[in-house]
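Report on the structure given below.
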Amino acid sequence: MRTLWIMAVLLVGVEGSLVELGKMILQETGKNPVTSYGAYGCNCGVLGRGKPKDATDRCCYVHKCCYKKLTDCNPKKDRYSYSWKDKTIVCGENNSCLKELCECDKAVAICLRENLDTYNKKYKNNYLKPFCKKADPC
């Protein structure tokens, strides 16, 4: 079952260290990252771009902006380590870029948790992303 979940996360095309990001989102929100955020709003998941639909979607927009600021690592491929201590994400890298990558993922997971009350099922499977309005630059 766990292998199936990991494969599903990989197929969604979410950027970053997919396994770690997925775990963080699950730990912080209790929601399945693929089914809950894989195609949410204009910014969550694959092809994410556009003016955020709500605070949840804004978390994903800010996350993409965070990735754009990383210069010496590849958010789509590089892997990092973190731990879950006392219900808190602790990034554990000595490499500064991997630490920043982990912090980007940590921030989006916490943001999604803090905005669970704005989660709107009508944006859950938004496959009309090409019709999202252009967002302000990061």
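Positions of Cβ are set from backbone N, Cα and C atoms, glycine also.
Database features, via Swiss-Prot:
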- 1-16: signal peptide (SIGNAL)
- Val34, Gly45, Gly48, Lys85: suramin binding site (BINDING)
- Cys42-Cys132: disulfide bond (DISULFID)
- Asn43, His63, Lys64: varespladib binding site (BINDING)
- Cys44-Cys60: disulfide bond (DISULFID)
- Arg49: site 'Membrane-docking site (MDoS)' (SITE)
- Cys59-Cys111: disulfide bond (DISULFID)
- Lys64: site 'Membrane-docking site (MDoS)' (SITE)
- Cys65-Cys138: disulfide bond (DISULFID)
- Cys66-Cys104: disulfide bond (DISULFID)
- Lys68: site 'Membrane-docking site (MDoS)' (SITE)
- Cys73-Cys97: disulfide bond (DISULFID)
- Lys76: site 'Membrane-docking site (MDoS)' (SITE)
- Lys77: site 'Membrane-docking site (MDoS)' (SITE)
- Cys91-Cys102: disulfide bond (DISULFID)
- Leu128: site 'Membrane-disrupting site (MDiS)' (SITE)
- Lys129: site 'Membrane-docking site (MDoS)' (SITE)
- Phe131: site 'Membrane-disrupting site (MDiS)' (SITE)
- Lys134: site 'Membrane-docking site (MDoS)' (SITE)
DSSP-derived class (H/G/I helix, E/B strand, else coil) of Cys91 (disulfide bond): strand
Disulfide-bonded residues compared (Cys65, Cys102) - highest count of Cβ atoms within 10 Å: Cys102
Diameter of the varespladib binding set by C-alpha atoms, the set being Asn43, His63, Lys64, in angstrom: 9
Local backbone state of Cys138 (disulfide bond), from DSSP in three classes: coil
Neighbourhood of Cys138 (disulfide bond) by C-beta distance under 8 A, where only residues 6 or more apart in the same chain count: Lys64, Cys65, Lys68, Lys69
Phe131 (site 'Membrane-disrupting site (MDiS)') to Gly45 (suramin binding site) - Cα separation in whole Å: 15
Nearest-integer angstrom distance between the alpha carbons (Cα) of Cys66 (disulfide bond) and Asn43 (varespladib binding site): 13
Candidate nearest His63 (varespladib binding site) in space, where candidates are the recorded positions Cys42, Gly48, Arg49, Cys104 and distance is Cα-Cα: Cys104
Those recorded positions listed as Arg49, His63, Lys68, and which of them has the most Cβ atoms within 10 Å of its own Cβ: His63
From Val34, Gly48, Lys77, Cys97: recorded positions whose CA lies within 10 A of Cys60 (disulfide bond): Gly48
Cys104 (disulfide bond) versus recorded positions Val34, Asn43, Cys73 - nearest by Cα: Cys73
